[in-house]
Amino acid sequence: MDSCHKIDYGLYALEILAQYHNVSVNPEEIKHRFDTDGTGLGLTSWLLAAKSLELKVKQVKKTIDRLNFISLPALVWREDGRHFILTKVSKEANRYLIFDLEQRNPRVLEQSEFEALYQGHIILIASRSSVAGKLAKFDFTWFIPAIIKYRRIFIETLVVSVFLQLFALITPLFFQVVMDKVLVHRGFSTLNVITVALSVVVVFEIILSGLRTYIFAHSTSRIDVELGAKLFRHLLALPISYFESRRVGDTVARVRELDQIRNFLTGQALTSVLDLLFSFIFFAVMWYYSPKLTLVILFSLPCYAAWSVFISPILRRRLDDKFSRNADNQSFLVESVTAINTIKAMAVSPQMTNIWDKQLAGYVAAGFKVTVLATIGQQGIQLIQKTVMIINLWLGAHLVISGDLSIGQLIAFNMLAGQIVAPVIRLAQIWQDFQQVGISVTRLGDVLNSPTESYHGKLALPEINGDITFRNIRFRYKPDSPVILDNINLSIKQGEVIGIVGRSGSGKSTLTKLIQRFYIPENGQVLIDGHDLALADPNWLRRQVGVVLQDNVLLNRSIIDNISLANPGMSVEKVIYAAKLAGAHDFISELREGYNTIVGEQGAGLSGGQRQRIAIARALVNNPKILIFDEATSALDYESEHIIMRNMHKICKGRTVIIIAHRLSTVKNADRIIVMEKGKIVEQGKHKELLSEPESLYSYLYQLQSD
């Protein structure tokens with residue numbers, strides 16, 4: 001118990017959960033406000049503290065078998081103060097992934113272990129932004145506000161549909177009159193009148209039908225544009241972690257699902273629904289003609305529905321399998337094209353072709369299964385339709401023979417029945433499209449329902465100076481992954497040049513990703529000029545931080561467009577000055593088109609060293625106050641590197657510079673060198689100071705490179 005009083009696990013849990021929801025928290029302030037007696041946060045004070053951070057919290061009692069239905073992560077509250085965070089529940093394996101606040105590590109518990117710790121009290125946590133996100137999630141209900149927005153257009157479509165249905169009602173009546181009156185009484189004058197009237201009806205029906213299609217296509221195209229624009233904006237606003245945890249081809253396949261939704265919106269499905277809504281009027285007229293024949297039609301409708309419901313789940317599973325295989329093909333194709341140099345260099349084209357053939361065969365087989373099942377579904381619909389037609393023919397003929405129905409009435413009845421059955425059959429036949437759209441909406445929802453980087457309510461602060469502070473930083477990429485950064489405390493002064501070295505996987509690049517606010521630390525704060533980056537607008541921050549990576553991507557544009565990417569209106573003089581600092585001006589001037597040279601896709605028209613120098617110029621052109629070189633010179637030839645190092649004084653002047661390097665000669669002139677090992681800072685000092693310690697890690701690495 002004493003250890004519980006020394007460490008307030010409730011406060012620690014609040015800090016972790018707040019960071020998870022991108023909410024900044026100052027533990028000392030929370031402790032001062034809510035832990036008035038110094039014994040730690042009790043349940044009531046913990047709930048008040050969480051609400052003060054604009055978190056939505058709710059204490060509930062749940063039995064263990066209901067835990068897989070709650071939103072995670074959640075805090076499991078214990079009376080002895082040894083709380084823990086529940087992050088995942090696997091009911092199939094009867095295992096529970098928790099974050100142990102005492103050991104500060106994730107743990108997997110078996111059912112019996114969890115039962116021994118769980119006391120039935122759990123606190124559900126959500127940020128207000130996440131609650132709003134759930135209310136605005138993308139599914140079929142997303143289209144309701146869009147329909148309301150364009151309600152005038154849809155009302156016009158509805159009005160046109162009413163007139164079309166009235167014309168559809170009049171036409172059978174004309175045929176009835178012709179059969180029962182004109183033919184019997186040889187009324188040629190009446191026939192002429194009916195023919196003219198029917199011609200007018202047909203002309204108006206064609207015009208209104210075309211008008212309805214135009215209005216409907218126009219409105220759905222607007223919705224399509226809005227959805228497409230929303231999708232791309234949302235995609236670019238997603239955090240780096242989203243893209244790092246998914247294959248490129250999988251993301252592309254999900255985005256392409258927009259085509260399926262587009263085809264559905266502009267197809268016949270929705271107009272068929274409108275036509276079906278007017279069936280009640282036709283039923284009333286048909287009932288007037290013959291209740292018996294009408295009952296046959298009525299009883300056939302549940303048969304259509306039952307058959308579609310029976311086919312649907314099987315069809316959906318097969319469509320899902322088809323999509324998954326298509327996503328695998330997309331991923332493999334993107335990977336193969338991206339790695340074409342490696343594939344050719346290693347002469348592994350036959351192996352890659354073999355893999356592609358197998359995957360393609362699997363996709364084609366999945367598509368064939370979908371086609372077969374869809375065909376079975378359509379033939380089942382046709383069987384019901386033909387059966388109803390035969391029954392109506394037999395029963396209708398009996399009614400005509402017995403004098404209960406005239407020939408004209410039978411023909412009119414069948415025409416009216418066709419107006420009811422036709423949209424039903426169309427809907428049943430396009431049920432496959434609806435199933436596909438349902439999967440498309442779900443897949444697209446994976447993109448649109450993923451939380452974006454939080455911009456709203458974040459602070460856009462004045463121009464930064466360049467002071468950087470890491471305070472008690474602890475970070476891991478996933479709750480169940482190893483710790484990448486552990487207890488990092490580091491202060492970097494404005495204008496200081498810092499070198500960061502260490503073995504691969506020691507956390508060097510991760511440290512700079514926290515500066516760019518690509519991730520929020522699990523524990524601790526990253527401060528720039530004393531401002532917590534968890535509260536800062538990411539765009540405001542990144543505009544003032546220049547980053548050069550080991551492998552930079554150039555866009556398929558001109559060199560000047562690539563350098564001035566963040567500010568297209570920048571003067572040519574500034575672009576040239578940045579290119580000179582980066583040692584790129586000379587080779588650019590030798591190109592035929594100079595700065596207007598198109599670099600090709602991902603800069604394929606340039607050498608690796610040339611691409612790197614353009615990337616350095618791109619990072620310098622906006623005069624950032626913080627400049628990060630993450631193995632930026634490792635791909636340069638010695639001459640290009642010499643030019644960069646010669647200009648390093650000008651490059652570093654007036655800005656804070658962080659240089660990550662494996663080549664220690666790159667950082668030996670830095671104001672301070674940070675040595676990292678297994679996520680911790682183990683040494684720091686100037687080049688000569690670190691070498692003066694022969695047993696230091698820096699000396700060891702330097703000796704290896706000297707040899």
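Cβ atoms here come from the backbone N, Cα and C positions, even for glycine.
Per Swiss-Prot, domain 'Peptidase C39' is recorded for 3-125. As annotated by Swiss-Prot, active site applies to His83, with the evidence given as sequence analysis. Per Swiss-Prot, the feature domain 'ABC transmembrane type-1' maps to 154-436; the stated evidence is sequence analysis. Here Swiss-Prot flags 158-178, 191-211, 269-289, 295-315, 388-408 as transmembrane segment, drawing on sequence analysis. For 468-703, the entry in Swiss-Prot reads domain 'ABC transporter'. Residues or ranges marked as ATP binding site in Swiss-Prot (evidence: sequence analysis): Gly502, Arg503, Ser504, Gly505, Ser506, Gly507, Lys508, Ser509.
Within the same chain, residues at least 6 positions away in sequence whose Cβ sits under 8 Å from that of Ser504 (ATP binding site) are His662.
Within 10 Å of the Cβ of Ser509 (ATP binding site) there are 17 other Cβ atoms, across all protein chains. The secondary structure of Gly502 (ATP binding site), as reduced to three states from DSSP, is extended strand. Neighbour counts of Cβ atoms within 10 Å were compared across the recorded positions His83, Arg503, Lys508; the minimum falls on Arg503. A straight line from the CA of His83 (active site) to the CA of Gly502 (ATP binding site) spans 36 Å. Neighbours of the ATP site: apart from Gly502, Arg503, Ser504, Gly505, Ser506, Gly507, Lys508, Ser509, residues of the same chain with C-beta atoms within 8 angstroms of the site's C-beta centroid are Met676. Beyond the ends of the transmembrane segment (191-211), by six or more residues, the same chain brings 160, 163-164, 167-168, 170-171, 174, 177-178, 182 to within a C-beta distance below 8 angstroms of the stretch. Neighbour counts were taken as the number of other C-beta atoms within 10 angstroms of each residue's C-beta; across the binding-site residues Gly502, Gly505, Gly507, the minimum falls on Gly505. The C-beta environment of Ser506 (ATP binding site), restricted to residues of the same chain at least 6 apart in sequence and closer than 8 Å, consists of Met676, Glu677, Lys678, Gly679.
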